[in-house]
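What TrEMBL lists as domain 'SOCS box' is 588-630. Annotation source TrEMBL lists repeat 'ANK' at 166-198, 199-231, 232-264, 265-297, 298-330, 331-363, 363-395, 435-467.
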Amino acid sequence: MATEISARGRQRTIGHEEYSLYSSLSEDELVQMAIEQSLADKTRGPTTAEATASTCVNRQPAHFYPWTRSTVPPENPPASAPKGLFQGVMQKYKNSQLAPVDPVLKAIKEGDEEALKAMIKAGKNLAEPNKEGWLPLHEAAYYGQLRCLKALQQAYPAVIDQRTLQEETALYLATCRGHLDCLQSLLQAGAEPDISNKARETPLYKACERKNAEAVRVLVQYHADTNHRCNRGWTALHESVSRNDLEVMEILVSRGAKVESKNAYGITPLFVAAQSGQLEALRFLAKYGADINTQASDNASALYEACKNEHEDVVEFLLSQGADANKANKDGMLPLHIASKKGNYRIVQMLLPVTSRTRVRRSGISPLHLAAERNHDGVLEALLGARFDVNAPLAPERARLYEDRRSSALYFAVVNNNVYATELLLLAGADPNRDLISPLLVAIRQGCLRTMQLLLDHGADINAYIATHPTAFPATIMFAMKYLSLLKFLMDLGCDGEPCFSCHYGNGPHPPAPSRSSRFSDTSDSDKKPAVVQFCEILSAPEVSRWAGPIIDILLDYVGNVQLCSRLKEHIESFEDWAVIKEKAELPRPLAHLCRLRVRKAVGKHRIKLLDDLPLPGRLIRYLKYEITQ
């Protein structure tokens, strides 16, 4: 019983798999497959999967001409339900007869000229197309049967230029298949060489595509138009250049092909050569006077495209021929910009001596921005070595493309957490306080102590605020709240904690704490300034409030006689272990603590790291640095 159930399960599985395999096939394909399987069953044949693969790979397209007959209708299928889709098709068509082979097509494929002539002599009309618009003439050209082709040309000279439904002539098909003898025969019989297919591709275009120099030579001898354009505006010369086919290019140019012809996007053959890195084709076109400084419809130059695709030898050749490195595209980008963006050190080095700094400034973006944005440290070093302005800002219209309105190359380096690039830029004189949002805040958010230290050592404002989202206390404290060790690190370096306790509600009632989404929501009224957020409001947020006690405890070490507002007292009183913090905040604060604050204030936040140099006892210095407690 178990075996029987298992067998049934397998049958159902096979049926489902067969349906997924064969459901996409047409009726004709299923019929042919079923018949082949039926014949194979008489002997030990291939499996179902093998038969399927063989059929799919080797199946020839069906050609039904008016003189052929359809298959005999199949008998009715048996009443029993099939076990699977394939078996059902096989049962349905097992008694069907094979479609008779078209004798005309058979004669052409086999090159049987005499059989073809006999049919013509017997009065069979071989000048009628099949459902795809193909004539026997097309078949003969496609299969390269020269003698059959000549017989058909002689019998039906009027159809020599007749097209298929895809508007392909016999000459076009012969060229596509590379049958040079058929091509010559058709041209000698008067075939028009410039009839194009639906894509407006001529036989000459296809010969160039196939790199068939002999076919090109024959076609131009019969006056094929060397400047004909396909539906993309490409000429035969464009195609041969893209394939770096110098022999074909020579034939075309000698027969009048224009080296300055442009496609639908304003692209010339020389532009194609530069874009695709075809150096020999580029040399050839330059020798024939093609414009080195050609630009496409978007104003991108050939040099720009070569830089974008990192064709170093092409860039070198173009520059040696006097290509202008200061031609910008429609976005104002120069070749140096795109080379910096790609991070190609060698191309950048080639472009640096010939790029105008004035043009770079006009573009509204520095190559430094692009190199820093993509972590190309080598290119960044080269640009800094060439003395590019390290503090060049992004133009407002470019800065608006970024949500944080970033402006400096330094900001890009910090956002990428690239410590090496950050150090390079700071050593070159980058100002860490130029951006709308301080890079220091970004470093705090990322938790990178090394970057923070570098920024602070080079003058970053430790009390940075965010103008678009105003707070009553430094944003550096807000960003470090969740990380107590980081908060203490910033306070040790002189961050101002006094504003955290300057709540304008004081001991009075506080309004309900705003939701997280509304605390920093942008106002739709451009004339209305956003409300200033208090420290106690931030501390009341659910994601921060559980740390309220330790945060207040740390801040109290760096402030003098301050009073806790009613909201802060509520937080401290909410947990009995925090009672000691409330005692710590009681006034007056210890004299030693107040003296420490006074000394640190006199030293100043910019020199706080120099406390070790003061002529004071080591114990006192450690106390000033909060290395020992009171």
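Any Cβ shown, glycine's included, is placed from N, Cα and C.
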Non-local residues, at least 6 beyond the ends, that sit with Cβ under 8 Å of the repeat 'ANK' (298-330): 265, 270-271, 273-279, 282-283, 286, 292, 336, 338-339, 342, 344, 346-347, 350-351, 354-356, 359, 363
Tally of residues which DSSP labels helix, strand or coil - the repeat 'ANK' (166-198): 17 helix, 0 strand, 16 coil
For the repeat 'ANK' (232-264), the number of residues DSSP places in helix, strand and coil: 16 helix, 0 strand, 17 coil
The repeat 'ANK' (265-297) [mean pLDDT, rounded to integer]: 97
